[in-house]
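Written below as structure tokens is the structure these notes are about.
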Amino acid sequence: MSRISKEEMSKLLSVYFIMGSNNCTKDPLQVLREALEGGITIFQFREKGEGALTGEERICFAKELQAICKEYGVPFIVNDDVELALELDADGVHVGQDDEGITSVREKMGDKIVGVSTHTIEEARWAIENGADYLGVGPIFPTSTKKDTKAVQGTKGLAHFREQGITIPIVGIGGISIENTASVIEAGADGVSVISAISLAESSYESTKKLVEEVSRSL
């Protein structure tokens with residue numbers, strides 16, 4: 001197996017759904033199915049925060065979600081936990097600046113997908129040099145889902161990455177909704193990552209479809 005190509009990675013980032021059990025008011029397995037039916041291109045398992053599952057329960061839940069992603073042929077990424085990603089033979093892992101270092105993550109993950117959250121050009125360059133396949137840039141807009149977020153960057157912050165010669169695939173993160181998706185893509189992102197825009201939507205299927213339409217219209 002060889003590392004994913006830039007072109008392929010860029011396409012996969014289009015509509016990036018991130019979810020854990022505590023992000024849903026409905027059955028999370030149903031929410032994921034609806035999102036997959038609606039057209040998400042990649043999924044990240046992020047079981048964190050208040051009311052999150054732990055231990056064996058967390059592993060079993062991750063396996064259920066992974067099995068559903070496999071049915072649809074959509075990559076299953078694990079947030080932060082490299083050991084869990086390896087145990088599940090996930091398609092990849094996404095790490096933040098405070099998690100395990102990118103060099104060690106790349107070494108352990110081999111040719112699997114490695115995504116890194118970055119907030120500055122320096123962090124972005126370091127991640128690229130050490131094997132990141134894509135960057136998560138944000139928060140673009142204020143978000144209530146993550147409590148430990150950095151300062152809001154706005155679409156200008158995202159555009160700055162492109163102006164500084166960062167050409168690696170980028171997914172916009174933070175406070176993204178159907179209404180502001182176009183501005184994120186126009187600023188230079190290859191795709192948008194969302195939690196509540198899908199997980200808390202009245203119809204996760206309809207919401208995903210609209211996000212997919214917005215992204216394709218803006219690319």
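Yeah, the Cβs are placed from backbone N, Cα and C, and that goes for glycine too.
Note that the structure is predicted; figures quoted are calculated from it, not measured.
If you check Swiss-Prot, you get these features:
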type: BINDING; residues: Q44, F45, R46, E47, K48, N79, S117, K146; note: 4-amino-2-methyl-5-(diphosphooxymethyl)pyrimidine binding site
type: BINDING; residues: D80, D99; note: Mg(2+) binding site
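The structure, with features from Swiss-Prot marked on it.
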| residue | record | Cβ within 10 Å |
| --- | --- | --- |
| Q44 | 4-amino-2-methyl-5-(diphosphooxymethyl)pyrimidine binding site | 24 |
| F45 | 4-amino-2-methyl-5-(diphosphooxymethyl)pyrimidine binding site | 27 |
| R46 | 4-amino-2-methyl-5-(diphosphooxymethyl)pyrimidine binding site | 21 |
| E47 | 4-amino-2-methyl-5-(diphosphooxymethyl)pyrimidine binding site | 25 |
| K48 | 4-amino-2-methyl-5-(diphosphooxymethyl)pyrimidine binding site | 15 |
| N79 | 4-amino-2-methyl-5-(diphosphooxymethyl)pyrimidine binding site | 21 |
| D80 | Mg(2+) binding site | 20 |
| D99 | Mg(2+) binding site | 16 |
| S117 | 4-amino-2-methyl-5-(diphosphooxymethyl)pyrimidine binding site | 24 |
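If you measure from the Cα atom of R46 (4-amino-2-methyl-5-(diphosphooxymethyl)pyrimidine binding site) to that of D80 (Mg(2+) binding site), you get 8 Å.
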